[in-house]
């Protein structure tokens, strides 16, 4: 996806925090994200104390993040289908229930490895549904000119909690044990519940009914698949999570096995990684100004790989901490580059699903890493797993040649105005379909090549917005005639496509229409396939084709 328009003048990073509602939600989001990561640290250390099985220890991280892979896409669809504040509120309550149960079982000494994994999974489920709703609701909180810094702040909250949360959790575990970590984690969810109840905005009723959940998920995946820029970001996010996940999942074993230490060093290592992440936040604009987006991402990934190798071979707590400081900064920078640019490149109707695809990719990669690097550690040792991970991470910058991270920070996608419903003379319902659209152009032969290249971009836009079986054909008898044909499963899906087009996509279609050289306007026809019920059964029955003409709304 390349069509963007110049964004409003850039605002300072802290500008959105001057808006009370955004400030309230953002502050609560930092605390709730922190709560999830503290719970993960407590569960990992509780598992380390109860069993020496490296696979089970690593699977705590997988249990927490696996819901991001399993449920984030449905969560993103729900964020686009229903009021995002309501989805976020219910999601946080689910996480609160899971963590509170962990605290209760730990308090009475009834916690088991199975319960740790199961309840970590429940807490992860809640946050899997929360994150897409929270991040994609930014347009409800800030005006367009503050969208970019607001997206950056949300990304900062999400990623800072991801890396700083374990650091705080490690210190809490060192001071009071896993049970205190669970108690504090549960408490940190409460501000978000209060914020969502207080900050819920008025919601405009959509003119079309919401999509079914399954179809909404497919729409989101289809949009990402047919948007080359967004697909590149998702692929790079998965690679980042899978290749560097060894650091996240094996941190307790780094402290115990490589450094022969306990909870104090574990917390110290997590703290240095988190401190590096904060440094990475401030490094990001300087890196971008000097190297550009992809240049910065490639350099950060290479440095991240080297730092992971150092962690794998080091037996000194000081050297390991220094390497983790660099790793945290590089990891945060790469994640920030991906997240911010993705949100600046997608229209709002699919923002929740695009964010969900990004989160599913990076968290799914980390969840996969928890199993793979845990098994590798059991067989070859923790150091070997980290060195292998570092080497693969270091060379993964080459992925930028195939899937570069695009620069969306200086542009935003502008929504176009909804088109009026077309005039039709057959009675149809929203579920009527499939619908076939045919558009006939007359293009001079000397402009055929340029028209064909442009219509390919138009067709990619149609696929993103819901069309299938998109084709372009040329009349063998009259080579100036071109026929574009595409389909929708239902009439409602066709109307949604007309609402979804961005201003840039409309301009692209206008350019295609400008190639038409006929004496009459471009001809567009709409057909109802398998028109069951659209014709009368006998001579006495009314024909719905002409007696029930739908109005233009």
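Each residue, glycine too, has its Cβ placed from N, Cα and C.
The range from 197-218, 219-240, 241-262, 263-284 that TrEMBL describes as transmembrane segment is residues 263-284. Note on TrEMBL: of 296-313, 314-331, 332-349, the range annotated with the feature transmembrane segment is 296-313. Feature transmembrane segment, per TrEMBL, maps to range 167-195 of the set 167-195, 428-456, 457-485.
Looking at 354-374, 501-521, 522-542, the stretch flagged in TrEMBL as transmembrane segment turns out to be 354-374.
Looking at 24-47, 120-143, the range tied to transmembrane segment in TrEMBL is 24-47.
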